[in-house]
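Colleague: Submitted below is the structure of interest, expressed as structure tokens.
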């Protein structure tokens, strides 16, 4: 049974991160996903301290707040003339450091250890069950991720055209009256939710891999946005299954193996993709060069 | 065929009599440095207007500020006598081609359909009617055969024509085009001119940021000479003179002899680097 719950949890992480990751990659703000995944940590610790539990809605809300705060601060510094990558670096490391201090100060009260925060503990998801009147409803992580996935799918589904236009041509979006800033913060809110729900399972560092790697792999495999989202989820789910299998054989970290599998799938797409892959591009260039030479010879 | 007839009601809200675009005292500054100072003018309906000026004169900035895309530090913009916000549906916009990422996973038809998003409101998605109209507009710019083509596989000129088709789909009354002629091939240039003439015939007003001085007299009814401040604005014949150009471009126009201003002279000035 534990296999089932681990695979389901991993797949839900892949779906949540895969959808929002596509928009991060297309808007070339992948590193903002990295920043958010780290800087929600103080929010989570503060929520632990207030609510005393590690899976409450309070936690989600606090993480959302810190995610938006991160986005806002990065934007504020950028507009004031600080370089974009520098402002991302400043904001997320400073907030993450506050989180580290809080964990070390209050570790005993919140039953948190830094390893779990950084690397996750997907192997234990089926021990932390949600019980209603003594009846087990399954792991809490699965419920949290399930709700997050529904919210993400609903918001992106409802405002698909706005998210798409804001990613492709924000100037036109603004010109026709789409509130570009609102949709930016909405996306960042979704990223924060995906991050904090995935956090317990794969940890603060590896969740970035689930946000960026499957989306980047999908980018290499298709020319349509809808298909890119589907493929991003599929790559994430495939990585979960392959990674979990590998972790059993190697007796190694599950989350580590999952993200590693995603990395391998990316490399495979990078080399072998029929449209964007390195090999097919080389072959096309060689063919083109041969044709040009042949035509040149004929012309002479 | 009239574009306005394709989707009824889109242009009905225009106020009779008022100028399509009246700008009063528009100023923009980046980090304290003014890039546009106190620009005031009012355009006539149904004209093609060229916005001319040296690099850094604030031509694109003026368009973006007029559209509310960048904050102005002062000034007022009226579209058909009303504030910009209530009149967005009457405005079509063609940004600079380099302003978007052409590797975005989408095809030509899809980009054109984005022009319908404004009137679809918050929740509706483009349907069969919008798709048919978008295809119609693609064929108007000679791109019907490329509807399914991934946009990165189009040439620069073809990409520009996709942008123009998208503006047509917006079915606006007042168009802003930011350097549509920059770096396009001869076929595209011809397609754009035909399109501008067609829009003019339908009584639409088009404001075009333009770089090629040699073609100004051919293409535009009025010119607006800009160099941070408005230098001159009026009918091309009386405004686009050697004297005014020297004034606008300062010493930078020295390579341009009066002869090349006549009609379609060679090259022109102020080309992109």
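The count begins at 1 with the first shown residue.
Cβ from N, Cα, C; glycine included.
So TrEMBL says this about it:
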- A:6-26: transmembrane segment (TRANSMEM)
- A:33-51: transmembrane segment (TRANSMEM)
- A:57-76: transmembrane segment (TRANSMEM)
- A:88-107: transmembrane segment (TRANSMEM)
- A:141-160: transmembrane segment (TRANSMEM)
- A:172-196: transmembrane segment (TRANSMEM)
- A:202-221: transmembrane segment (TRANSMEM)
- A:228-246: transmembrane segment (TRANSMEM)
- A:252-272: transmembrane segment (TRANSMEM)
Colleague: Does the transmembrane segment (A:6-26) reach the transmembrane segment (A:57-76) with at least 3 CB pairs under 8 A, where each pair is 6 or more residues apart?
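Modeller: No, the stretches stay apart by this measure.
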Colleague: Under 8 Å, at least three CB pairs between the transmembrane segment (A:33-51) and the transmembrane segment (A:202-221) (pairs 6 or more apart)?
Modeller: yes
Colleague: Restricting to CB pairs under 8 Å, which listed stretch, A:141-160, A:228-246, A:252-272, is in contact most with the transmembrane segment (A:202-221)?
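Modeller: Stretch with the highest Cβ contact count: A:252-272.
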Colleague: Restricting to the same chain and to residues at least six past its boundaries, which positions have a Cβ under 8 Å from a Cβ of the transmembrane segment (A:141-160)?
Modeller: 5, 8-9, 12-13, 15-16, 19-20, 23, 55, 60, 125, 128, 130, 183, 186, 190, 193-194, 197-198, 200-201
